[in-house]
Amino acid sequence: MTGPKGGYYKAELGEPHKFDPTFRGPVHNRGCTDVLCCVIFVIVILGYIVLGTVAWMHGDARKVVYPTDSYGQFCGQQGTPNANKAILFYFNILQCANPTVLINLQCPTTQLCVSKCPDRFATYIDMQLNYRRNKSYWDYYKQFCKPSFDNPDKSVSLVLQDEDCPSMIVPSRPFLQRCFPDFITRNGTLTVANKTSFKDGHGKTRSVVDLRDAANKVTAMQQGTESGITSLLDAKEVGVKIFEDYASSWFWILIGLVISMLVSLIFILLLRFTAGVLFWMVIFGVIVAVGYGIWHCYWEYSSLKGKPSSDITISDIGFQTDFRVYLQLTQTWLIFMISLAVIEAIIILVLIFLRNRVRIAIALLKEGSKAIGCLMSTLFYPIITFLLLALCIAYWAVTAVFLASSGDAVYKVMSTRPDCKYTNLTCDPKTFSQSNVTKLCPASQCTFAFYGGESLYHRYIFVLQLCNLLVFLWLVNFTIALGQCTLAGAFASYYWALRKPEDIPPSPLASSFGRALRYHTGSLAFGALILSIVQFIRIILEYLDHKLKGAHNAFTRFLLCCLKCCFWCLEHFIKFMNRNAYIMISIYGKNFCASARDAFFLLMRNVMRVAVLDKVTDFLLFLGKLLISGSVGVLAFFFFTRQIPVIQEEVPSLNYYWVPLLTVIFGSYMIAHGFFNVYAMCVDTLFLCFLLDLEKNDGSATRPYYMASSLRAILNKKNKRPEEKKKRRKQKKEQPNKRH
């Protein structure tokens, strides 16, 4: 089997593309592809809408926004008696240290909504002893009692048995809309209001550490995390300061991001002039740096040679924590020198034998810059992708919240007596006072525990959450696929225009977007589904790895690690293949499998060119991202640290100058990443078109090359003009006459 240039192609790499005289770029007369997958995709979207509607009907976001007291009432909800009581208060937070808290997800103490947290140590016994002399004691203490209780003369034992009031209150501050003890660490000692111990209201002296353990259990129950309450409260203070910094510097952050957007645009447009210079300068710098490293290693080796104890081997001295010991050995510098020499040789050999492929890669980068210059609208297409992704994320998050909050209030029996056999059993607050439980367990209450239910819908909430996640991944990957196919179609229209820009069809981006949606929704959904399933499996593996962190089964951990590694590689391979399949879909309009097969074989027939182009493109784009984010970051650093005298007075006062600085750097990198993603898609599309051009055409008048003149010059190819062809035919006819 021979190719168009007489070379032999292996059968397993597929047939090279043949010349088609009717081909003039992306095919316009095309049909719908992967219709079955399109129908399934539409049905899944409709089902996803139904799922969101059902979750909205059964869920209640107030259950997430507002804490719930022991009577099933929301704290802080407007239009209720608790409208001005937005904080949940625990009568005896020490009860939350019980190990059953994390099992039953219920702290066995009365919980009330209050307007503010207590700011002092006090016990009910002390209040009862002092309130007759000063009623302000009772006025302050009763705001943490049940609203219906107003009898400070009631005996302490009955008050605590009926849980009318807390046995004690401790200085607290609100966090997660709940009152937690106000912990402060002084000189390594944990204190609350400068005290390390306190009275618990039952005649016992307790340590502040007991409060911390109980508070940690509550935060673990609410957030599913093992983070300590002290660190969380400290994090809250830092968060408040960070919010203040954002409030005072948002305008300047926005200016920094606009600057990074302009710099990214200019950088891409200038790559047509600077791509080659930038690449060869960096490569030359690497060669010089490695060469200097070789010389320095040889100099160190020569200096140490002959010195006593320097000829000891590394294996003789074994492992040392002070790595400077190894630098005193000649063997160390010899290993460094040989390693650097091998790296230098590899770089030089690659440049010698692959120099033409490197030149092709640089020429394609320059051509990509020209293409974007002609199709400037493509740089702003990521805004559409961003809006669609934001819509997907918002819908997924809202659906997840409503699914999580689906359920009715579940009440359970809570008793202060440890021997009550009804503790933690489900109860009904409306009929609880008339039940036998109150007779057998006089000190028991029917209090709110959590939200749940026993219906079929509630039993499958977890499965519905998994479906929500899978469909979310599918929609996100479809949105990205739509963007890639749209951009590929626009850039393919540029490449297959023989005279640029005269032959470029009008509105190539809009036309490509319409073709992708009208004809290839099924194909894009098919590729997105394959990728989504792999990503879904990876998320499950990460979840299992998180759950098995404390496991001591080495084989299980090893197997899980191998699976994670395999699926990571599979995900990246599928992303690479999908990207090239979408390019072929945008050009020829075939289905996903046929396009993926054609793209794969085309790339395998040019595997060395693919490898070189991929690495050169990645290197230059990564370098561009670093240059843009780094330069804007340096400018932001000088600005926010008041080192620019001209605008020194305009700098806002900040708690942490690194907050806006890191925001500008990260935002600049993401903006550059968005612009360069378009550029990378452009280069990949032009590269596949270039490979197709080489296989389909030969430079003749009937089969001219569509590639740029710079690429033809590198390959020593040129298009023959019709006049030249006629002239050569005439010369061939005249040659026999001259011989005679």
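Including glycine, each Cβ sits where the backbone N, Cα and C put it.
Sequence annotations record features per position, and here TrEMBL assigns transmembrane segment to 35-57 (among others). Sequence-distant contacts of the transmembrane segment (35-57) (same chain, six or more residues past either end, CB-CB distance under 8 Å): 395, 398-399, 402-403, 406, 457, 464, 467-468, 471, 474-475, 478, 521-523, 525-526, 529, 592.
Long-range Cβ contacts of the transmembrane segment (250-270) within its own chain (Cβ-Cβ under 8 Å, at least 6 residues beyond either end) map to 369, 372-373, 379, 624, 627-629, 631-632, 635-636, 639-640, 651-652, 660, 663-664, 667-668, 671-672, 675-676, 679. Feature annotation from TrEMBL assigns transmembrane segment to 250-270 (among others).
As annotated by TrEMBL, transmembrane segment applies to 277-295 (among others). Below 8 angstroms of C-beta separation, residues 336-337, 340-341, 343-344, 347-348, 351, 358, 362, 616, 619-620, 623 of the same chain, each at least six residues beyond the ends of the transmembrane segment (277-295), sit close to that stretch.
Summarising the annotation, TrEMBL assigns transmembrane segment to 333-354 (among others).
What TrEMBL records for 375-398 (among others) is transmembrane segment.
Using a Cβ-Cβ cut-off under 8 Å and counting only residues 6 or more beyond its ends in the same chain, the transmembrane segment (471-498) has close neighbours at 23-26, 41, 44-45, 47-48, 51, 371, 374-375, 378, 381-382, 384-385, 388-389, 392-393, 395-396, 504-505, 508-509, 511-513, 515-517, 520, 524-525, 527-529, 531-532, 535-536, 578-579, 582-583, 585-587, 678, 681-682, 684-686, 689-690, 693, 704, 706-707. Here TrEMBL flags 471-498 (among others) as transmembrane segment.
Under 8 Å from some Cβ of the transmembrane segment (519-541) lie the Cβ atoms of residues 30-41, 469-470, 473-474, 476-478, 480-482, 485, 560, 563-564, 567-568, 570-571, 574-575, 578, 581-582, 585, 589, 591-592, 595-596, all in the same chain and six or more residues away from its ends. The feature transmembrane segment is assigned by TrEMBL to 519-541 (among others).
Marked as transmembrane segment by TrEMBL: 553-570 (among others). Within the chain carrying the transmembrane segment (553-570), a Cβ under 8 angstroms from the stretch's Cβ atoms is held by residues 534, 537-538, 541-542, 544-545, all 6 or more beyond its ends.
Residues or ranges marked as transmembrane segment in TrEMBL: 619-641 (among others).
Among residues of the same chain six or more beyond the transmembrane segment (653-672), those with a C-beta under 8 A of the stretch's C-beta atoms are 241-242, 244-246, 248-249, 252-253, 256-257, 260-261, 264, 267, 624-625, 628-630, 632-633, 636-637, 640-641. Annotation comment: TrEMBL describes 653-672 (among others) as transmembrane segment.
Taken from TrEMBL, the feature compositional bias 'Basic residues' applies to 716-732.
Positions annotated as region 'Disordered' by TrEMBL: 716-740.
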